[in-house]
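**Student:** Marked as domain 'Major facilitator superfamily (MFS) profile' by TrEMBL: 1-322. Look at TrEMBL and you will find 1-18 tagged as signal peptide. Look at TrEMBL and you will find 34-53, 60-78, 84-114, 144-165, 193-214, 226-246, 252-281 tagged as transmembrane segment.
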Amino acid sequence: MLPLLLIQLLCLPPGVLPDIEHYFGIDDGKSGLLQTVFICSYMFLAPFFGYLGDRYNRKYIMSFGIAFWSLVTLASSYTPKEHFWALLLTRGLVGVGEASYSTIAPTIIADLYVKGKRTNMLSVFYFAIPVGSHKGNANEPYSFVLSTFGFTAVAFVTGSLALWAPTFLLRAAIFSGEKAPCVEGHCSSSESLIFGIITCVTGVLGVASGVQASRQLRTRTPRADPLVCAAGLLLSAPFLYLAIVFAEASTIATYVFIFLGETFLSMNWAIVADILLYVVVPTRRSTAEALQIVISHLLGDAGSPYMIGVVRPCTHTHTHTH
């Protein structure tokens with residue numbers, strides 16, 4: 001269980017986008033491609049690893065994927081500034097490792113633990129993303145489809161948030177006069193660190209609160225899992241919107257709203273994983289994981305970072321012309 005958790009922690013994206021943009025001399029649209037290329041690679045490789053995971057030794061498959069992931073991640077550190085395409089290539093190859101463990105790791109946990117303990121272990125595993133409940137009387141096909149589309153909404157938000165939030169906070173601080181503009185050299189600031197801390201803390205709080213909410217609610221209704229997921233999504237939306245509205249007026253208020261929004265958003269992670277595990281037969285769980293990954297990323301965070309990068313200059317121009 002611990003190795004899986006460490007792998008998950010290693011995959012968290014750092015808030016270094018301003019440095020990357022400055023080093024390669026790229027705009028927001030191209031920098032958004034870094035996340036889009038990675039997600040597309042991850043998405044298309046997930047069914048392949050899901051197929052292998054249901055038929056061959058999962059430990060060897062995951063070990064190969066993570067070793068390859070480590071090598072290409074190291075290689076990306078030596079990309080020359082005139083070869084941005086090489087960074088995109090290595091970023092895409094990182095999807096090999098991500099696809100190998102994301103489709104297989106939850107099924108290994110499902111085999112090692114059962115019932116309530118499985119939920120707890122999934123919660124620990126999903127603490128590293130930034131919840132679980134146990135079985136209800138679910139209609140299996142609809143439960144899988146609807147939970148997958150619900151998780152797609154989560155992926156759409158978290159994908160763009162992970163890439164653009166630190167940069168957004170830095171630019172808001174520059175616009176309000178709290179910080180001087182980045183002209184040359186090191187462009188990152190405390191915003192990246194603060195956002196990273198908030199994401200880690202809210203991930204733990206969101207998953208833990210989701211676990212407790214589901215456990216309390218499942219004694220009253222068999223629909224506890226989807227109800228907690230829906231509540232998390234509905235409650236996160238207004239707080240994230242308020243974070244955008246207050247960005248130029250109050251930095252503290254912005255961080256508070258991001259904290260609340262991410263906490264509610266994080267209530268979904270392990271619950272969705274557990275729903276899949278108890279509505280899909282064990283021999284097809286890796287394939288189901290792969291299918292869920294493809295759908296959620298294809299319609300979710302495969303395009304959202306790039307969309308934000310393309311739309312951002314338009315909103316910036318509109319704001320300054322009115």
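Every residue gets a Cβ built from N, Cα and C, even glycine.
TrEMBL labels come from automatic prediction, so no person has curated them.
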**Student:** Ranking 34-53, 60-78, 144-165, 193-214, 252-281 by Cβ pairs under 8 Å to the transmembrane segment (84-114), which is first?
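**Tutor:** That would be 34-53.
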**Student:** Would you kindly list the residues that approach the transmembrane segment (226-246) from elsewhere in its chain, counting only those six or more residues past its ends and only Cβ-Cβ distances under 8 Å?
**Tutor:** 131, 133, 143, 146-147, 150, 153-154, 157, 161, 168, 206, 210, 213-214, 217, 253-254, 257-258, 260-268, 271-272, 275
**Student:** Of the listed stretches (34-53, 144-165, 193-214), which one yields the highest count of Cβ-Cβ distances below 8 Å with the transmembrane segment (252-281)?
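**Tutor:** Of the candidates 34-53, 144-165, 193-214, 193-214 scores highest.
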**Student:** So which residues does the transmembrane segment (34-53) touch in its own chain, when a touch means Cβ under 8 Å and the partner is 6 or more beyond its ends?
**Tutor:** 13, 20, 61, 65, 87-88, 91-96, 98-100, 102-104, 107, 159, 162-163, 286-291, 293-294, 297-298, 301-303, 305-306
**Student:** Can you name the far-off residues of the same chain, 6+ from the ends of the transmembrane segment (144-165), with a Cβ under 8 Å from a Cβ of it?
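**Tutor:** Same-chain contacts beyond the ends: 13, 15, 17, 32, 34-35, 39, 195, 199, 226, 229-230, 233, 236, 240, 258, 262, 265, 268-269, 272, 275-276, 279-280, 288, 291-292, 295-297, 299-302, 304-305, 307-309, 312.
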